[in-house]
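Colleague: Here it is: the structure, laid out below.
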Amino acid sequence: MDRRNQTSTYEFLLMGLSERPEQQPLLFGLFLAMYLVTVLGNLLIVLAIGSDVHLHTPMYLFLANLSFSDIGFISTVIPKMLDNIGSGSKLISYGGCLTQLYFFGLFADLDNFLLAAMALDRYVAISQPLHYTMTMNYQCCALLLAGSWVVTTIHALVHTLLVTRLSFCGPNVIPHFFCDLVPLLKLACSSTYINDLVLMLVAGTLLIGPFVCILTSYFYIALVVLRIDSPEGKQKAFSSCTSHLSVVSLFYSTAIGVYLCPPSSLSGGKDRLFSVMYTVVTPMLNPFIYSLRNRDMKGALRTLLRRKKIIFCLYFYSLVIHHKANTYLPLIQGMDPYQGSRNCLCTSSNCYPTLPHEALLRYN
């Protein structure tokens, strides 16, 4: 049989987080709740920024894209994991594994680039506040966002296409809860030299480059903050970076723990635990970090929720009025449930039906 046909029908076995049957209901409920909280929280961030014109600034534009990326990031991994737990099957098809691999790489790289763009934005805002609007203009923000999407899309596509040239004829067990690139390459029967080379050169450059950009930006931010004389000015400048710095610390500490630590130090399922931290926990905490530590964001969320509440109340009120109108209609047409007769009030040109006093009390 042709190798392409063998690979196209191949299936992999995802071991998941635990092999104990008694722990599966707990894991299902826990990760379902975390997934719903993450999607709802990040969606509220996107809607709040889009509905408030005061938040149409570069920092919040990057934050909206980061929230959208986090929704895609967690949606790449968790739904399939919940499906495997619920069905009791740990299988994932070859095509499904490649799809998960592509979108996981896309959104993981996109988070990396967006965090670097946000660090650059904070550096310009603190070090050059008078030239901020000129430097971080619409063209610059659009170029940063478009460049991030294009580079990450191509990068994820390159790794996925390189995996398609491999043959898998041996063990099909992936000791993970999703199709990650490194565990998948270990199952290949053919040579993975090109894959490893691209992973080391291209992926290393694209992943370490934004991280170096973030460290450099915060180094110069620290130098600028130290030159500020007033304690209030230092606190105000530092407070504008705390939310972003918290997200960066949480994301990179767990990602470095997975990909840069020696394999011996990640035995016993520690690699899967670190993966849960940066694939699930970090996207879930991002909305809380930015909303709880940002006054403008809290105000926009309150306005959004108040507006949604008003819209819901108006919709409910319209349903009630519509129901009353439908109930009123037979009476207006002259059908009196009390008298069974037609009563009309006539003017010089038209006649209008009138209702008994009891009917008015009943339907008002």
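Heads up, the Cβ atoms here are built off N, Cα and C, so glycines get one too.
Heads up, TrEMBL stuff is auto-annotated, nobody curated it.
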Colleague: Given the ranges 177-195, 272-290, which one is assigned the annotation transmembrane segment in TrEMBL?
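Modeller: Of the candidate stretches, TrEMBL labels 272-290 as transmembrane segment.
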Colleague: Thinking of Cβ pairs under 8 Å, which stretch from 26-48, 101-120, 141-162, 197-226, 238-260 has the most of them with the transmembrane segment (272-290)?
Modeller: 238-260
Colleague: Using a Cβ cut-off of under 8 Å, list the residues of the same chain at least 6 residues beyond the transmembrane segment (197-226) that approach it.
Modeller: 109, 112-113, 115-116, 119-120, 122-123, 126-127, 151-152, 155, 158-159, 162, 181-182, 185, 234, 237-238, 241, 245, 248, 252, 259
Colleague: Mind checking which residues of the chain, 6+ beyond the ends of the transmembrane segment (101-120), have their Cβ under 8 Å from one of its Cβ atoms?
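Modeller: Residues 59, 62-63, 65-66, 69-70, 72-73, 76-77, 144-145, 147-149, 151-153, 155-157, 159-160, 163, 178-181, 184, 206-207, 209-211, 213-214, 217-218, 244, 247-248, 251, 279.
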Colleague: Just to confirm my parser: what is the rounded mean pLDDT across the domain 'G-protein coupled receptors family 1 profile' (41-290)?
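Modeller: Computed over the domain 'G-protein coupled receptors family 1 profile' (41-290), the mean pLDDT is 86 on the 0 to 100 scale.
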